[in-house]
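Just below is one structure, and these are the notes that go with it.
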């Protein structure tokens, strides 16, 4: 029973799917995809549940969401293990993901009141009231890198706003999706308010093509995001929130403390085995002896990183990638860049064939032509050297993406220049690119997406503003507009 539709657990009628741990190959989940008819059934259930859910007092919706938060806290260890075993990330990092899920709920509730909710302005002859209304039935597409935390950033604000949902987790993380939905069930969500459909491309296409959807909230790759954008083009009545990837630059301009700069770079490029959309993909290092020393130290320390199993003791900094195929894709990208003329500074290495354990790779591409402007979702860092800061900004902006950008420098003026000229939604100074706060907007421009799917700013796209001019009485104005004559004529 792997689908949850209209409050019932049912068996999918689509393709059989099996999920294994990406490092041990242990089978950890089995089930069937939802077919097109079941996807449509989930949408019908969400549509039927919408009027009653939307009319619930906000306090009632909030109470269920807060019960979910309490269940997350009570089952934190269990969910941590599920996420770690399914994604391959270390236990310590999976635990931080569950903590982020819990913390985001209180922020989402506060954001609803601050950014949406209801506001009234008194007028001479009545009032002007701003209210927010839910869109209706929304589809939520989840990614695999943070299979609990990132969908949660759509689901919680959308439910608080009064929407009903169909959630499709990544086909690479079905177990996490199912585990989280079971907690929502225990929290007391009414039937049909949140529905779970498992599956891959066919299930996703069936979901995104439903005429009765009022919108789609997506976190994932740029290629899939572009497909969804094309599919929903010409349908302005549907809200489409896209959070996609990045080909993110980190500029190393002025290094006062080389080890601190190396630590920041490791956190930016290789945490989560390079599987964060904000990870640094392009390292821009100033030419000269200081830059040379920084790169030598980076290669030295990065070369000591040994990925390990989720439950290793002591815990590793990074675990496996989401699949052995993902690790192979990173290896192929590295070889492609070598073939273009890149100079390998640190060769990535498969720790064990057939697993997703992969050591970091670093390759210099200064002066190399035709380097693909793509997001390689893994621990591969591309290096360019530059002569002056204006050139660094030009290199940083030489991408169709625009998610995150960072600067290591002691010069505040350079950061202020970067703030003005960088084409990115996140611009950091002496901070890792991969840090994020739920109280701040998260997202970018260009191929990185449109809206800002964090707990605070997600409220903006989960409801639409409605303005009302209101008066309890209807009276004739004392002063009429020119040309209007309401004088009463005497009867003949």
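Here the Cβ of each residue, glycine as well, is placed from N, Cα and C on the backbone.
As annotated by Swiss-Prot, NAD(+) binding site applies to 220, 221, 222, 223, 224, 225. The active site annotation in Swiss-Prot covers 243, 277, and the record cites sequence analysis as its basis.
Other Cβ atoms within 10 Å of the Cβ of residue 223 (NAD(+) binding site) number 12 in total over all chains.
Highest local Cβ density among the recorded positions 222, 277 belongs to 277, counted as other Cβ atoms within 10 Å over all protein chains shown. Taking only the Cα positions, the spacing between residue 222 (NAD(+) binding site) and residue 277 (active site) is 10 angstrom.
Among the recorded positions 220, 221, 223, 224, 225, 243, the ones whose Cα sits within 10 Å of the Cα of residue 277 (active site) are 220, 221, 243.
For residue 221 (NAD(+) binding site), the same-chain residues lying six or more positions away in sequence with a CB closer than 8 A to its CB are 244, 245, 375, 377.
Apart from 220, 221, 222, 223, 224, 225, the NAD(+) site neighbourhood in this chain, defined by C-beta within 8 angstroms of the site C-beta centre, holds 218, 226, 227, 228, 244, 245. Across the structure, residue 225 (NAD(+) binding site) and residue 243 (active site) are spaced 8 Å apart at their Cα atoms. In three-state terms derived from DSSP, residue 223 (NAD(+) binding site) belongs to a helical segment.
The DSSP secondary structure for residue 277 (active site) is coil.
The local packing around residue 220 (NAD(+) binding site), expressed as other Cβ atoms within 10 Å of its Cβ over all shown chains, amounts to 22. Put simply, residue 243 (active site) is 7 Å from residue 220 (NAD(+) binding site) when counted between their Cα atoms.
Highest Cβ count within 10 Å among the binding-site residues 224, 225: 225.
Other C-beta atoms found within 10 angstroms of the C-beta of residue 243 (active site) number 27, with every protein chain shown included.
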